[in-house]
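Down below is the structure, laid out as structure tokens.
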Amino acid sequence: MRTYALYLVRRFAQFLLVVFIGINIAYLITHLTPVDPVEQAISSVTMFGQSSPEMVEVMRKTLRELYGLEGSPWEQYVSFWRRMATGDFGPSLSAFPTPVSTLIWQALPWTLGLLVSSTLIAWIVGNFLGGLAGYYRKNSLLKALGILAMSLQPIPYYIVAFILLVVFGYLWPVLPISGGAEMNIDRQGFAFAASIVRHSILPVLSLVLVGLGAWFIGMRSLVSNIVTEDYVTYAELGGVDRRRILFSYVMRNALSPQLTGLALSLGAIFNGAIITEFVFGYPGVGTLLVRAVNSGDYSLVLGITSVSIIAVATAILVIDIIYPLLDPRVARS
Amino acid sequence: MRIMRVLAFFASAWLIAQSALAQGISNLPREETIIIENPQGTITNPPWFNIWMVARGGNSNGLQQLGMDTLWYIDPDAGIDGVWDNSLAADKPQYNADFTEMTVKLRDGIHWSDGVEFTADDVVFTVQTQMKNPSMIWGPVFLASVDTVTAPDKHTVVFKLKRPNSRFHATFTVRWNAAWIMPKHVFEKVEDPTKFDFNPPVTIGPYKLHSFDPNGKWYIWEKREDWQRTSLARHGEPGPKYAAYIDPGPPDKRVILQLNHQLDIIHDTSPEGVFTLIKQSPTSQGWFKGFPYAHPDPTLPAVMFNHQVEPFQNADVRWALALLIDIKAVSMASYRGAATISAIGVPPTGLYGEYYFDPLEQWLTDFEIDTGKQKYKPYDPTVGQQIADMLRPSMGEQIPTDPKEIAKAIGRGWWKPNPEAATELLERAGFTKQGDQWLKPDGTPFSITLLVEGDQRPVMTRAGTMIVQQWRQFGIDAKTQAYPSDFFPRVESGDFEAAIAWSVETWGGHPDLSFFLDSWHSEFLKPRGERQPPRNRQRWTHPELDKIIEEIRTIDFDDPKVQELGQEYIKLAVREMPIIPLMSYNVFTMMDTTYWTGYPSADDPYTNPVSNWANTKYMFVRLKPAKAQ
């Protein structure tokens with residue numbers, strides 16, 4: 001127990017260090033970018049006519065003060081960590097004065113809904129079919145599925161998304177191809193939920209089609225190795241029901257690495273599915289991040305990146321905390 | 001298996017039943033709703049309607065088109081009732097003799113959407129509030145120009161200016177937007193107007209906010225019941241009861257949505273997307289009936305040289321580079337031929353054909369450059385015609401045959417490529433050729449890095465790539481470099497040699513060039529490394545140019561001399577070639593007539609169709625429901 005406690009302390013310290021270093025790197029990168037939010041804001045005004053040089057100077061000075069960009073780089077850095085300690089990412093520079101956290105919280109449910117569902121569907125279906133394919137190696141239908149999975153995996157995501165758009169948005173236009181829900185729909189009740197589901201079918205399908213292949217192939221290889229183990233052969237010779245061998249002996253053992261992969265995938269969804277959200281015009285963190293980068297809003301970029309770093313590090317931490325309970329050798333090592 | 005089949009049947013039936021709902025709008029009659037692309041895409045700060053603050057919410061979500069209003073509008077085309085429209089003002093601005101005072105008479109009977117009457121106090125409040133808060137968009141302009149602003153009576157506003165300014169009214173004149181008037185009765189109750197979201201907005205335009213997406217994907221506006229009490233009413237009743245501004249996503253999706261009649265106005269798409277729509281959707285129409293379909297914006301994409309970088313100070317070098325460009329190839333590469341080319345320093349837009357292109361055609365034909373070894377007439381008046389002939393075999397009847405139509409749609413003449421003359425000009429500038437490579441006078445290779453915006457502006461990026469290829473074929477070490485995000489900040493700080501962008505923007509409908517020309521005065525020139533105020537991105541100065549600008553400042557906006565001075569600038573720019581003009585920025589706005597008719601077009605150019613311009617409010621009074629006809 002003491003070993004496990006020590007392991008936990010060490011692992012938590014590591015977690016804090018990783019988060020601290022990760023956020024610092026993100027801070028450095030965002031602040032080294034040549035895109036200046038003040039200049040972006042001025043460009044957006046002057047591009048359409050107001051270009052008196054005097055006016056530009058006054059506006060530049062006022063905006064720098066307003067955005068809190070005055071002060072030395074060190075003062076800005078200290079003020080950033082002071083705010084971070086209270087979970088405050090500060091105001092967005094492209095949507096000033098709305099707090100970054102408000103923007104992230106508005107976008108996050110869409111991304112979580114989309115990516116959690118597609119990741120879980122791809123994981124469950126991919127592993128289930130991959131397990132079957134690894135166990136029933138001579139089944140022609142499963143072989144065909146294997147070929148399909150191998151063929152789908154290398155296709156760039158946006159091609160699959162575009163094909164779905166054309167098929168279900170143009171050739172047989174039965175599904176919405178844009179947005180998260182219908183316009184002007186009452187946001188309470190079943191109709192809104194049904195609209196969200198309908199709008200998520202194509203983005204989820206595109207993510208599942210591409211993601212499923214990797215889980216399928218991974219599980220098939222794991223199962224293919226396990227079925228050659230002595231205990232499986234022994235169980236088969238002993239006349240144990242094949243379905244029981246598959247699900248209780250083989251797939252259960254093969255699931256550990258797949259669970260790790262699932263946890264990492266779930267942690268990474270806080271990044272948002274940038275291409276998916278862009279292609280399907282889906283509201284979410286990915287769309288928010290692209291807009292933040294384009295407008296030089298480094299407060300927002302940093303907020304999204306920090307949430308993502310914390311999420312991934314937390315996912316890994318959770319896995320690492322659970323593993324030693326299953327296998328004590330991990331804590332000792 | 002039976003269960004699977006039953007499930008599949010119900011799933012298909014459900015999908016088909018949903019196809020009507022896939023139209024994307026709920027609880028509003030489609031026949032009374034127009035759906036328009038919001039070119040700003042998804043709005044980062046959806047509930048923010050305080051349009052007076054910098055980069056906070058959205059402008060193109062219908063707010064400035066349908067909710068706001070100001071004193072005057074200038075149409076980039078012919079206009080609904082002429083180019084100039086007195087909107088909240090009852091008449092044109094009246095200046096005193098030395099342009100230090102401007103008096104405005106306002107319309108009577110205009111009301112805000114909450115029933116409060118619009119008066120001169122609103123205008124005074126707008127100016128004074130922004131002067132107190134320079135982080136508000138027009139605050140610095142007012143601070144720099146206005147000494148006092150007063151309202152002697154309910155319908156009169158008097159501005160006393162800090163110095164003579166014959167163009168002060170431009171601040172209140174919509175080209176794309178302008179200083180919108182604030183509702184005093186709303187903002188005076190607010191403690192800090194810079195932190196006020198103005199949600200829901202009290203409007204002075206003919207529509208009020210109906211609803212919006214908290215994620216910024218769509219905004220719906222509803223016609224005011226008292227629309228007669230707005231300035232637009234004198235042109236008629238707006239047709240659509242509802243207007244939805246949406247983010248449809250990338251260009252391919254815009255095309256698919258219009259093919260499905262789910263998007264009435266596409267703000268802009270790719271030339272290829274337009275060709276698809278023309279081929280497959282009989283209800284879609286562009287600005288021109290035929291090629292190039294697009295609306296030529298009053299901006300002028302050009303090759304801009306940084307005049308503070310060697311060797312681009314030398315006019316011989318700039319002219320040599322111009323004479324190496326084959327504009328036909330550039331037109332094909334960038335717009336697939338759907339470009340409207342321009343050889344001179346103003347865009348071939350709106351009424352500029354009458355103001356500048358027609359009067360200067362003979363001068364251009366006679367214009368000579370002296371290379372030192374030969375006198376050469378570089379202008380080829382038939383280039384537009386040649387592009388039309390090139391396109392005719394593939395586009396057939398879509399290509400106009402009438403020379404006047406070709407001039408309007410595809411352009412007039414341009415410079416004949418002439419490598420021999422370019423060689424002579426470069427040699428006169430001290431350049432030498434070693435093998436296949438040109439060397440600068442100091443013996444180093446002549447290299448040019450041309451900045452492009454990459455995927456932010458693919459059409460111009462393609463143009464840049466073609467131009468670089470043509471320069472390379474001549475022996476110049478040229479390449480493009482893409483800066484999608486920080487292109488303009490980089491250009492404005494002088495961190496470039498050459499770039500494809502525009503520094504020329506005009507009113508389009510009105511010949512006055514002060515809109516861009518005033519900031520080209522040498523008094524505003526910054527040293528390299530310091531940010532140049534926007535517009536004179538090329539950092540070009542010339543004593544003759546200063547004289548032209550100074551003279552424009554001292555004459556009235558409508559003085560016929562404006563056009564003369566504009567022509568003088570164009571002639572100087574042809575001689576000096578500070579930027580190489582290429583074409584107007586063609587915006588591929590496509591309009592679907594399934595639900596609405598009466599859109600503006602080159603044949604009926606009563607307003608700009610490009611949906612992010614505030615001028616599109618005029619479209620609303622001409623739009624009629626198609627199904628009712």
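Each Cβ is built from the backbone N, Cα and C atoms, and glycine gets one as well.
Annotation comment: TrEMBL describes A:12-30 (among others) as transmembrane segment. Counting residues 6+ beyond its ends, the transmembrane segment (A:12-30) has Cβ neighbours under 8 Å at 77, 80, 84, 298, 301-302, 305-306, 309-310, 313-314, 316-317 in the same chain.
Residues annotated as domain 'ABC transmembrane type-1' in TrEMBL: A:108-323.
Feature annotation from TrEMBL assigns transmembrane segment to A:110-136 (among others).
Feature annotation from TrEMBL assigns transmembrane segment to A:157-175 (among others). Proximity of distant same-chain residues to the transmembrane segment (A:157-175), defined by a Cβ-Cβ separation under 8 Å and at least 6 residues beyond the stretch ends, is recorded for 198, 201-203, 205-207, 209-210, 275-276, 279-280.
Positions annotated as transmembrane segment by TrEMBL: A:195-217 (among others).
Summarising the annotation, TrEMBL assigns transmembrane segment to A:259-280 (among others).
Nonlocal intrachain contacts for the transmembrane segment (A:300-326), taken as residues 6+ away from its ends with a CB within less than 8 angstroms of a stretch CB, comprise 4, 7-8, 11-12, 15, 18-19, 22-23, 26-27, 30, 80, 84, 89-90, 92-95, 100-101, 103-104, 256, 259-260, 263-264, 266-272, 285, 288-289, 292-293. Residues annotated as transmembrane segment in TrEMBL: A:300-326 (among others).
Same-chain neighbours of the transmembrane segment (A:259-280): 107-108, 111-112, 114-116, 119, 123, 157-158, 161-162, 165, 177-178, 202-203, 206-207, 215, 218, 286-290, 304, 307-308, 311-316, 318-319, counting only residues six or more beyond its ends whose CB sits under 8 Å from a CB of the stretch.
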